[in-house]
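Structure, as structure tokens:
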Amino acid sequence: MNWIFENWEKFWEVTEVHVRLALLPVVIGFVLSIPLGWWASRSGTARAVLFPLANILFTIPSIALIVITPVLLGVQILDEINVIVPLVVYTVALMVRSVADALAAVPGNVVAAANAMGYRPFRRFLTVEFPLALPVTVAGLRVATVSNISMVSVGALVGLGGYGQLFTEGYQNDHTEKVVAGLIGTVVLAVLADGLLLLGGRLLTPWARVGR
Amino acid sequence: MGWLFDPAHWSGETGIPVRLAEHVGFTFGTLLIAAAIAVPLGAFVGHTGRGGFLVVGLSNALRALPTTAVLILVVLWAGLGDFPVYVALVLLAIPPIMAGTYAGIRAVDPVTVDAARGVGMRETGVLLRVEVPNALPLIYGGFRGAALQVVATATIAAYTGAGGLGRFVFDGLALQEFGQMLAGAVLVALLAVLVDLAFAGLQRLTVSPGLRPVGTGGKK
């Protein structure tokens, strides 16, 4: 613990990098998975293509994806994009199914009622279907966020930043406190992000708590 | 891809077959140890219904733990070798297996369980002959999740000099040999897919056909 307070600036610096590397992919992946999930909730063909593809992508180990990405994109191995792209891939692979399941579970009579009230498809999606799908979607988002926060550390093994940098430096200098500091940082960040998402989900879906 | 198909890399003590065997060894060793701990715990809690929040809370807390840090810490404390690898990987594999077993047993229809008691089965009989077989799909789900994570993460073992396919990734990194890194990455990915398929096959063979989801073509 002491290490964190004695080296606050350094700790804060790796925290910033870690947050950026973990959360940027969550945001990008979430945005991408909404249209894909919507498509999968509509079409059996989309499901037959997207779900197995998502399974296979999710199977590929993160260290493998981080090493392969620079070759595919033609960038240096130390570019942050090499962590961001794999994490976007994992987020989408996880979220497509959540979004599709959530949208598919919206009751048909609710959609029909919205149609009868004259909602156009796009507005109906934004104001009726998507909000009703939020609880399941947020559950998926929480899993994706926590696993992304944990996976960023893997990037440090090939030389990228974040808390993982404290792990590798601590290992090289036989400095246990530094590793513990990074571990605490990762766990605290994961718990915080998870709690915020849980709270945000509750605030956005007040109706979900009525009648429980 | 040339590195992968060079025959020189397919033999010797540091060749692909040896590293592959080490990787598979880590994976199955870990899964066995984790299963020995997580399945009885999950089954007991699921059967008695006591301590469920503990299982769920513990699995979530363990999930946030970065394996790299655990591995490095155990190495710093206990020295290099296979032991730190097993500690780190077993901690990684316990949450999904325990959560899957617990959820599977909780999800068994209480009517079925009551019927088993009604025909005079003892509690161990209820657990072993009714609840566990009915919970198998979710238990397998836990194992598959754990296996994928372990195959992926066993790669990291090589960071501290242990064996496994990760050696190609980290040796390649140290030598700036991109072909070797890529070969290691591809082999790990392939192994992960194969292990997942193997579990899918095992699941098909051992789960009662009556438990297959109707009309979804299996995997959910």
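Cβ atoms are placed via backbone N, Cα and C, with glycine included.
Unlike curated records, TrEMBL annotations are generated automatically.
For reference, TrEMBL has these:
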type	residues	note
DOMAIN	A:15-200	domain 'ABC transmembrane type-1'
TRANSMEM	A:20-41	transmembrane segment
TRANSMEM	A:53-75	transmembrane segment
TRANSMEM	A:87-111	transmembrane segment
TRANSMEM	A:132-159	transmembrane segment
TRANSMEM	A:179-199	transmembrane segment
Segment proximity, the transmembrane segment (A:179-199) to the transmembrane segment (A:53-75), 3 or more C-beta pairs under 8 Å: no
Intrachain residues whose Cβ lies under 8 Å of the transmembrane segment (A:132-159), provided they are six or more past its termini: 18, 21-23, 25-26, 29-30, 62-63, 66-67, 77-78, 82-83, 87, 90-91, 94-95, 97-99, 101-103, 105-106, 110, 165, 167-168, 182, 186, 189-190, 193-194, 197-198, 200-201, 204-205, 208
Tertiary contacts of the transmembrane segment (A:20-41), as residues 6+ beyond its ends and Cβ separation under 8 Å: 47, 50-51, 80, 83-85, 87-92, 95-104, 125, 130, 141, 144-145, 148-149, 151-152, 155, 160-162, 189, 193
Chain residues in Cβ proximity to the transmembrane segment (A:179-199) (below 8 Å; excluding those fewer than six residues from its ends, i.e. six or more beyond): 1, 3-4, 7, 11, 14-15, 18-19, 22-23, 138, 141-142, 145-146, 149-150, 153, 163-167, 170-171
